[in-house]
């Protein structure tokens, strides 16, 4: 079996740490593992298979002899180093939004559109966390019954904004419990002007606003879903909201299929057999997906499946998955595993 | 000016305390105020205009000489005492769901359907918290442009489940911050079999499930909206979710109007002039409604108004209001004030 030299850029971040953890359990044979981060994090150590690895500062020299590079720092870092890494022969799997919508960069969820990997040019984009869990659910439904329309409202966890945001939520929460005023410096977006506390709040802004009043996160869900699913006429609307949850994005999804006479049981059957999906849908026994039960797990959990009361082709779903795992690190590692399966790596 | 003898049933609860507070600031002239609760709470005192009032146990004798009785205990308590109160001459304003869908009981939001108050038979129902803030927003839009369809996903605060649920959320949250396992005994519904922690979680169940897979809270939003707005063909779908917020329900609302060529600015103008509504909608300056800024305020806050990308008659809104104030206590007090205005009380 082939052995690979692997680099993780952003190895000390929320997603990078998860990639490290998942690589330990992966079938990918690793010869050499290079952990890269900013100068600030260089010198720290992370454990991999009981061995301490020292984190190095990312430079142009970091990618020598690397076969596979996971990028999970920022769009800026990806833009700065991806070409060097590719020129030196690496295949880059990028978790940022930098190249997702580029026409010649495959945007891949292995359960959904692995065939796109053939068209890789040493650069594969990992979709946005909120997109991945939705599309993993929508794809089998679209294949079985067609899909015309999706309206989604999200309930997104703070870990999606990074470890510092998570720490800030904990500090804010403790402050509120102590009767003090919470301080905010990160959310809704560290690069935006104003910051609001997430503790005991719901913030209807993730990422920056575009001029049309939609946020970039909402545009990601809309555009990425269309690109991955390849349904030209698919209508997608999204409202993205941050809530005080650590890990696990929840989504309230309304969808309309094309076929007539589809039943809730038809949808359930399709989802039960869908790869990566776990049905949790027994309202009579209060079984439905929740962030705290999905956190730390690999699957996309679906429940509360019910027919719309007015539109016969309409259905409502509640979809939850760990945004750092299937929503980010796991999907990236699965892309690499799939490429090995397909002899592309 | 006429003076009234007023009773509050459930005076020590989350909504009862708010009614007491709002009555202090109301134009209603109060002659006598009787605070009623369960035997467990009898003997406690509450302040009203700097006077201590001793809470009494609710009995059939409690309603002698009462002109106006606010009920905010439980549906069971309302069913037990409302007839006695009415027989003794009181007008009952009920905050529970006990009589909301009775054909001969007006379900009233004073800004929306005050004319229904004429048909009162000494019993007026206060709508559900999540319904009130949505309908206050939808009504002016429906009047100006017609309304065909509403799809709402809610982000509901814990205070809607009562003061004990609020305390439990705080205890759970402190436990999680201390690295301990949170204990759950109340949410999602104290009368259901299983209980789940709300700390750092989102629970897609409010109230019990009906056999069709919808929760009773979802049915309340659907049925009450149709009853109050009196639009026969109105399509309403709801997904109701509890999140770790103290006070202030948020709602992601998709709606379709009847008229062609309605713009976002048309919607904004109508909402700017709507009674009880405050527009907070400047994305370029990160101005939008949030639970922590709406808490403690009387208005229904609306923002993030934007056109659907596919349906020309479709719009998206983000609506937030304090569930204990306009969502409960304030609406009840406003019903009484309106009835005095209309010489019905």
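Even glycines carry a Cβ here, placed using N, Cα and C.
Residues or ranges marked as domain 'Semialdehyde dehydrogenase NAD-binding' in TrEMBL: B:5-120. Across the range of the domain 'Semialdehyde dehydrogenase NAD-binding' (B:5-120), the DSSP-based residue counts are 38 helix, 32 strand, 46 coil.
Counting every protein chain shown, the number of other Cβ atoms lying within 10 Å of the Cβ of residue B:159 (NADP(+) binding site) is 25. The secondary structure of residue B:159 (NADP(+) binding site), as reduced to three states from DSSP, is helical. TrEMBL lists B:12, B:13, B:14, B:15, B:40, B:41, B:159, B:160, B:323 with the feature NADP(+) binding site.
Per TrEMBL, phosphate binding site is recorded for B:100. The Cβ of residue B:100 (phosphate binding site) has 22 other Cβ atoms within 10 Å, all protein chains considered.
As annotated by TrEMBL, active site, acyl-thioester intermediate applies to B:129. Counting only same-chain residues at least 6 apart in sequence, those with a Cβ under 8 Å from the Cβ of residue B:129 (active site, acyl-thioester intermediate) are B:156, B:160, B:249, B:323, B:324, B:327, B:328.
The substrate binding site annotation in TrEMBL covers B:156, B:242.
Among the features that TrEMBL reports, active site, proton acceptor is placed at B:249. In three-state terms derived from DSSP, residue B:249 (active site, proton acceptor) belongs to an extended strand segment.
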Check: According to DSSP, does residue B:242 (substrate binding site) fall in a helix, a strand, or coil?
Finding: strand
Next item on the list: Determine the minimum-neighbour residue: among B:156, B:323, listed as binding-site residues, which Cβ has the fewest other Cβ atoms within 10 angstroms?
Entry: B:156
Margin query: Taking every protein chain in this structure into account, which of the recorded positions B:40, B:242, B:249 has the most other Cβ atoms within 10 Å of its Cβ?
Written below: B:249
Next item on the list: Summarise the model confidence on the domain 'Semialdehyde dehydrogenase NAD-binding' (B:5-120) as a single mean pLDDT, whole number.
Entry: 97
Check: What whole-number distance in angstrom separates the two most remote CA atoms of the NADP(+)-binding residues B:12, B:13, B:14, B:15, B:40, B:41, B:159, B:160, B:323?
Finding: 26
Next item on the list: For residue B:12 (NADP(+) binding site), just count the other CB atoms lying within 10 A of its CB, please.
Entry: 21
